[in-house]
């Protein structure tokens, strides 16, 4: 029985079980809102590509996630956002990196897919393309929040590049000022006809080098969709790129005949290092899976048969 399905994530990492309510509840509320938005769009007949873009745009606009408004800062205190989007049946895709003024990078990635002969645009050229197509932009200072300044300060003090949700062990007086509890966002969707799409967006690592590109805009690493499944990954970008995580899920289904759940579980638990990765995925049959090998992953999903879930830690 084929039915629609949707899954989304807000980042994976070392999310402490005792995450304070003031940090946990806004993110759970945002996931619930975005899930409801996506479900409504699917029920109204919107194509999965539209649904994935719509949900990721909403997540980009939420300051508690590491994408769009909430993007973390580079070592120079700047924002460099990246995103990609892919349609399953056609394998059309678009990606962008190095954005400093674009409000919704995921929509620019879709424009690259639809309005150019290319797949990937980056930095000044991507910014110029955005301006030429009337994409909403703001002064870069729009993205420089006090919270992210504090996160960067803390990361510099501990001389580290900081992964989504993974904080150093700071002195007590820094624990509240250096909150790094934010993460990459993504959405995958399938309609009742089996059409699939995936979208992912991020600000990268806290204290990353200027010019660093992660897995999010790399088709086959952080994002992939074909006729069998759609996948959006989150975690340590370098490990996800090395493992071609999103494509491997599809490849295991295609060449080994594994189910979506089996393929995703193998990739997350067998082919990348522990503590490095999570993903959300849907199949053309309306199946959903959301495995991770980190402490937790902000995630949500819903299917046409009535299943719905919003969770952070393992469901034990």
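Cβ coordinates are placed from backbone N, Cα and C, and glycine is handled just like the others.
Note that TrEMBL annotation is computational and uncurated.
Look at TrEMBL and you will find 184 tagged as active site, nucleophile. Taken from TrEMBL, the feature substrate binding site covers 212, 213, 214, 215, 234, 235, 236, 237.
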The residue listed as 'active site, nucleophile' versus residue 234 (substrate binding site) - Cα distance in angstrom: 6
Fewest other C-beta atoms within 10 angstroms, as judged across 212, 236, which are the binding-site residues: 212
Neighbour tally for residue 184 (active site, nucleophile), based on other Cβ positions within 10 Å of its Cβ: 35
Spatial separation of residue 184 (active site, nucleophile) from residue 213 (substrate binding site) - C-alpha basis, Å: 13
Residues 212, 213, 214, 215, 234, 235, 236, 237 [recorded substrate binders]: greatest CA to CA distance in Å: 16
Residue with minimal Cβ packing [other Cβ atoms within 10 Å] among the binding-site residues 213, 215, 235, 237: 213
Cβ neighbour count within 10 Å of residue 214 (substrate binding site): 24
Rounded Cα-Cα span from residue 184 (active site, nucleophile) to residue 237 (substrate binding site), Å: 10
Inter-residue C-alpha distance, residue 235 (substrate binding site) and residue 184 (active site, nucleophile) (nearest angstrom): 8
Cα separation, the residue listed as 'active site, nucleophile' to residue 236 (substrate binding site) (Å, whole number): 10
Spatial separation of residue 184 (active site, nucleophile) from residue 214 (substrate binding site) - C-alpha basis, Å: 11
